[in-house]
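Notes for the one structure printed next.
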Amino acid sequence: MSVPAFIDISEEDQAAELRAYLKSKGAEISEENSEGGLHVDLAQIIEACDVCLKEDDKDVESVMNSVVSLLLILEPDKQEALIESLCEKLVKFREGERPSLRLQLLSNLFHGMDKNTPVRYTVYCSLIKVAASCGAIQYIPTELDQVRKWISDWNLTTEKKHTLLRLLYEALVDCKKSDAASKVMVELLGSYTEDNASQARVDAHRCIVRALKDPNAFLFDHLLTLKPVKFLEGELIHDLLTIFVSAKLAYVKFYQNNKDFIDSLGLLHEQNMAKMRLLTFMGMAVENKEISFDTMQQELQIGADDVEAFVIDAVRTKMVYCKIDQTQRKVVVSHSTHRTFGKQQWQQLYDTLNAWKQNLNKVKNSLLSLSDT
């Protein structure tokens with residue numbers, strides 16, 4: 001992608017024009033180019049560019065795009081420090097002010113660079129920071145598949161990979177993109193090994209709490225397979241997660257014994273109870289195609305007058321599909337999502353698909369025999 005230049009002249013003259021412009025705006029910079037070459041000129045121009053950020057947006061973008069265009073023609077080994085310096089200025093300058101301009105400038109730099117240049121990591125992290133500061137994360141690319149590709153293309157170290165994913169996670173949370181944030185956190189935790197899983201203790205703890213707090217999250221068994229989460233075995237947070245994965249209303253006893261712990265997590269008991277009732281109902285619906293109102297009252301610890309309202313709310317989550325039979329005071333289940341999906345569920349899925357395959361073959365053979373007659 002080409003980046004618009006400040007003026008269509010040689011690099012040296014362009015640097016001189018930039019120096020003169022910045023000088024005219026009050027910057028402490030010489031109008032004469034440095035004898036050290038273009039990269040030294042750019043270092044001094046970037047250092048003094050604060051003054052132009054105060055100008056009209058169109059002028060600023062033109063000037064800064066000129067800086068970007070000069071940066072992009074430097075040798076890669078001379079680019080990195082200068083790009084880091086420019087990014088730092090754009091992230092920190094009057095933090096919170098003129099976010100759309102700063103995003104545009106960083107985006108121009110990011111998309112103007114070679115796709116495999118490792119220093120794009122710095123620019124992308126800066127984009128995330130600025131977008132998060134103004135609630136504009138939707139205006140930058142955050143799709144997990146694309147981020148994975150960049151991590152590979154840039155050949156990031158493990159530390160930088162973790163930094164990027166953690167930064168992206170926090171930005172998505174701040175911008176209330178909970179579904180995307182959860183996927184990024186799972187990606188982050190999944191990137192740890194047994195050797196460094198202990199380093200992700202805080203992230204694992206945060207991931208569990210956010211998942212339990214999310215009103216639209218009901219399946220948690222995948223979290224138990226993550227190495228940093230396994231590292232928390234024996235702690236209350238892991239016990240709580242295990243209850244939400246497969247237990248019924250064992251949560252009630254856990255809460256009675258650990259009320260202060262639940263409160264310290266910022267979790268609300270009533271919301272936890274509502275979620276546990278739904279999870280318990282999902283488990284019941286997997287095992288039974290018909291469930292009496294009396295059984296539901298007993299298992300879910302709800303009153304007779306609350307059964308129908310509970311079922312309606314459960315169906316709205318799309319985790320359970322069922323009908324209410326008021327005459328016989330029962331619920332007829334057509335489908336329920338499994339709370340855990342292990343070897344047994346994979347076998348059931350295989351058997352179902354295999355049965356469909358055999359039935360389709362029978363239909364095919366029947367049609368072929370009819371066409372032959």
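Each residue's number is its place along the chain shown, starting with 1.
Using N, Cα and C of the backbone, Cβ positions are placed for all residues, glycine too.
The annotation domain 'PCI' is assigned in Swiss-Prot to 180-338 on the grounds of sequence analysis.
The phosphoserine annotation in Swiss-Prot covers SER2 (among others), and the record cites similarity to another entry as its basis.
Under the heading N-acetylserine, Swiss-Prot lists SER2.
Residues or ranges marked as phosphoserine in Swiss-Prot (evidence: similarity to another entry): SER152 (among others). Reduced to three states, the DSSP call for SER152 (phosphoserine) is helix. Remark: SER152 (phosphoserine) has no non-local neighbours by Cβ distance under 8 Å and separation of at least 6 in sequence.
Under the heading N6-acetyllysine, Swiss-Prot lists LYS253, citing similarity to another entry as support. Within the same chain, no residue at least 6 positions away from LYS253 (N6-acetyllysine) has a Cβ under 8 Å from its Cβ.
The phosphoserine feature in Swiss-Prot is assigned to SER366 (among others); the stated evidence is similarity to another entry. Cβ environment of SER366 (phosphoserine): no same-chain residue six or more positions apart lies under 8 Å away. Taken residue by residue with DSSP, SER366 (phosphoserine) is part of a helix.
Summed and averaged per residue, pLDDT over the domain 'PCI' (180-338) gives 94.
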